[in-house]
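The structure appears right after this line, and notes come after that.
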Amino acid sequence: MRTNYCGLISEQYLDQTVTVKGWVHRRRDHGGVIFIDLRDREGIVQVVIDPDTPEAFAAADSSRNEYVLSITGRVRNRPEGTTNDKMISGKIEILAKEIEVLNAAATPPFQIDDENISENVRLTNRVIDLRRPVMQRNLRLRYQVAMGVRRYLDAQGFIDIETPMLTRSTPEGARDYLVPSRVHPGEFFALPQSPQLFKQLLMVAGFDRYYQITKCFRDEDLRADRQPEFTQIDLETSFLNEDEIMDITEGMAKQVFKDALNVDLGDFPRMPYSEAMFYYGSDKPDMRINLKFTELTDLMKTEEFKVFRGAADMKGGRVVALRVPNGAEFSRKEIDEYTKFVGIYGAKGLAYIKVNDVSNLSNGEDSGLQSPIVKYLSENALKEIIARTGAQNGDIIFFGADKAKVVNEAIGALRIKVGLEHGKDNGYFTDEWKPLWVVDFPMFEYDEEADRYVAVHHPFTAPKEGHEDLMVSDPANCLARAYDMVLNGWEIGGGSIRIHRADVQEKVFAALKISPEEQQEKFGFLLDNLKFGAPPHGGLAFGLDRLVTLMTGAESIRDVIAFPKTQRAQCLLTNAPNSVDDKQLRELSLRLRQKATETKEV
């Protein structure tokens with residue numbers, strides 16, 4: 001019987017006999033004495049086996065990395081000069097008396113302590129990958145966060161209620177994952193993109209405070225922070241306004257960080273969406289980086305430089321500057337790389353000015369400003385740019401000029417990239433936790449491709465008081481009672497006050513060009529139940545995967561999920577998705593128009 005975990009044996013167990021079980025992390029033979037580092041989920045302990053115990057010595061001699069052993073022995077101090085203060089077990093070792101080989105192991109595809117393994121190799125051999133201490137720590141922290149959330153919400157009076165995994169398809173936003181019904185040929189269930197409508201109906205039913213930690217599914221193009229199936233901390237409340245909901249969920253975030261990381265997040269400032277976009281070009285600004293946009297659109301309307309003038313005069317156009325302290329030292333190669341980088345976001349180029357001498361702001365050859373564009377700008381404009389940005393000698397000013405969407409995305413991404421690469425050495429990056437709330441989102445945004453307005457969050461978000469009429473008369477300026485929790489440039493949670501009146505919900509659907517017939521077909525069950533005395537209600541959903549990724553410092557959410565999918569939505573461990581035989585398809589009344597092709601990653 002095991003008496004202790006390997007990584008938890010300390011000096012308090014000196015001279016005691018213990019039994020540990022685990023995997024051979026490393027085996028060393030030193031002059032006839034064998035050393036084994038035995039590993040389990042709590043860490044590693046050093047075991048010494050000498051020839052005086054021949055059976056144990058023989059078992060140790062035949063063991064290799066990843067063999068599973070049971071070891072009984074006496075705890076003793078390590079010799080002077082061989083201790084490791086970074087480990088709980090770093091000052092002791094076990095002198096083995098008995099060793100039992102519980103299972104042999106084939107040679108693993110990589111060493112457990114190898115840090116230079118490709119992600120595809122790791123995901124193909126995920127079980128072995130999960131033995132690595134970093135993965136064990138990540139998933140343990142994930143568990144601690146989930147348990148902390150449950151404890152906090154339970155103390156706040158929330159009830160854990162499960163909602164269906166098989167529901168109806170409502171194709172708004174991302175694509176649904178569909179499940180064919182055998183019992184109802186030709187009809188399909190959808191896996192939920194969120195429990196949104198069910199949790200609202202639970203409020204109508206009178207449960208007052210609901211939560212669950214649940215799987216959600218979206219068939220969308222994947223990025224580093226996306227998965228086709230992801231875990232959501234979902235909650236909903238009745239009779240609370242947005243300030244009260246934000247206070248509860250902010251308290252939850254603070255408690256979780258304190259318990260799991262011993263970090264005090266402090267109070268969360270609140271920033272209107274318009275301010276976030278104006279100064280940072282993003283609705284999830286990374287406040288660790290002390291760089292802001294400077295607005296130049298008005299200034300460029302009277303300039304002759306076509307690149308800037310054209311953007312300033314364009315409907316929905318924008319011209320901004322981004323001052324980077326000490327950036328004049330950037331090489332031509334670095335600037336070219338930044339130019340290529342902003343091109344990813346649709347920018348056609350990256351204009352810049354290096355500030356060498358603010359006392360000489362002419363546009364002539366002797367100018368204290370170094371740039372190919374200086375000669376195209378008036379001296380008045382150059383002086384105004386320096387004044388507005390506050391640029392000093394040694395700075396560089398980058399410019400964005402295009403449609404506002406392109407400028408915001410391109411220069412916003414450049415702000416992050418420059419800040420992370422150069423900010424710490426130059427005083428404009430603070431390496432600490434910087435949370436905030438972004439509030440007062442627009443209710444709608446115009447989708448040029450679809451030629452209609454679409455909901456910024458979702459169509460069940462309530463408009464701000466006094467903005468109801470704007471949904472029809474001026475949808476572009478209609479604000480929503482929505483709020484996002486942002487941490488270090490990541491949106492970790494988003495929510496809103498919901499629409500609790502059927503007539504208002506119908507108005508929102510109408511503004512989104514959803515006909516009354518389509519409303520009834522897709523959302524009739526919601527509209528019908530809102531008429532039975534629905535209380536005012538609202539809520540929020542956290543992305544558990546994203547939250548834990550931030551807390552662990554992992555490079556991808558795939559590093560905090562036990563069995564994730566790749567960026568092509570495949571499981572390399574099980575080779576899912578896979579083709580199925582014709583018999584299964586016939587049972588589901590399905591026939592393939594196109595046979596499956598081999599697209600597995602290698």
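Using N, Cα and C of the backbone, Cβ positions are placed for all residues, glycine too.
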Worksheet item: Swiss-Prot has ARG218, ASP219, GLU220, GLU491, GLY543, LEU544, ASP545, ARG546 down as binding ATP; which of GLN227, GLN505 does it also list for that site?
Response: GLN227
Worksheet, complete the sentence: Swiss-Prot feature region 'Aspartate', matched against 196-199, 288-291, 372-375, 468-471, maps to 196-199
Worksheet item: For the ATP site made of ARG218, ASP219, GLU220, GLN227, GLU491, GLY543, LEU544, ASP545, ARG546, how many Å separate the two farthest Cα atoms?
Response: 20
Fill in: Lowest local Cβ density among HIS30, HIS457, ARG498, ARG546, which the record lists as recorded positions, within 10 Å
HIS30
Item to complete: Please name which of the recorded positions listed here, HIS30, GLY81, ARG218, HIS457, ARG498, is nearest in space to LEU544 (ATP binding site), Cα against Cα.
Response: ARG218
Item to complete: Give the distance between the Cα atoms of GLU220 (ATP binding site) and GLY81 (site 'Important for tRNA non-discrimination'), rounded to the nearest whole Å.
Response: 55
Response to the item:
Going by C-beta under 8 A and a gap of 6 or more residues, the same-chain neighbours of GLU491 (ATP binding site) are ASP283, LYS284, ASP484, MET485, GLY543, ARG546
Practice prompt. Would you find the one among the recorded positions GLY81, LEU544 whose Cβ has the most company, meaning other Cβ atoms within 10 Å?
Written response: LEU544
Fill in: Candidate binding-site residues ARG218, HIS457, ARG498, pick with smallest Cα gap to GLY81 (site 'Important for tRNA non-discrimination')
ARG218
